[in-house]
Amino acid sequence: MGKISSLPTQLFKCCFCDFLKVKMHTMSSSHLFYLALCLLTFTSSATAGPETLCGAELVDALQFVCGDRGFYFNKPTGYGSSSRRAPQTGIVDECCFRSCDLRRLEMYCAPLKPAKSARSVRAQRHTDMPKTQKYQPPSTNKNTKSQRRKGWPKTHPGGEQKEGTEASLQIRGKKKEQRREIGSRNAECRGKKGK
């Protein structure tokens, strides 16, 4: 007695075989090679199981998953951590020696920082500005002192003259003349008293 098979199964087999025969005639041997190669890699990756991540691959995966938040290599301990707890394993132990999935990687991402309120941003603005350089008085070397005694115009550190230097020089000149006159009068008075 022959095998009993249903009509749809026989039709499927015939149609499938005919389809493959037509395809076989039109496919080149290189196409068949690439098709077989794809099937082998697909089946080997499906049976290999989850992949482990170590070293630079692990860091790249964490950076991709966590983004700007950053990540920890050890699970961050909370405020109430106690020494009685079992030693915690790190991401390397979990993902390098065993398989690791996306949820496990996300556990090591740093928490999102809360958005700052408008008040704290305003209060922080003055601290974000770069510090200005402190004013340094000009050096007091002999040339500068002699220039001041001679009544030369003062200059800013940038080399520019102060506004109104001509007027201030005239005032200084008048004051010097007044001092000389007072000094000469005092000398005359002293000379008369000594006689």
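For all residues, glycine too, the Cβ spot is worked out from N, Cα and C.
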Among CYS54, CYS66, CYS95, cysteine joined to CYS109 by disulfide in Swiss-Prot: CYS66
The annotated region 'A' range in Swiss-Prot, which must be one of 6-26, 90-110: 90-110
Inter-residue Cα distance where the pair is CYS96 (disulfide bond) and CYS66 (disulfide bond), in Å: 18
CYS100 (disulfide bond) versus CYS109 (disulfide bond) - Cα distance in angstrom: 14
Reduced DSSP assignment, CYS96 (disulfide bond): coil
Neighbour tally for CYS54 (disulfide bond), based on other Cβ positions within 10 Å of its Cβ: 12
Rounded mean pLDDT for the residues that make up the region 'C' (78-89): 55
Secondary-structure category, per DSSP, in which CYS54 (disulfide bond) falls: coil
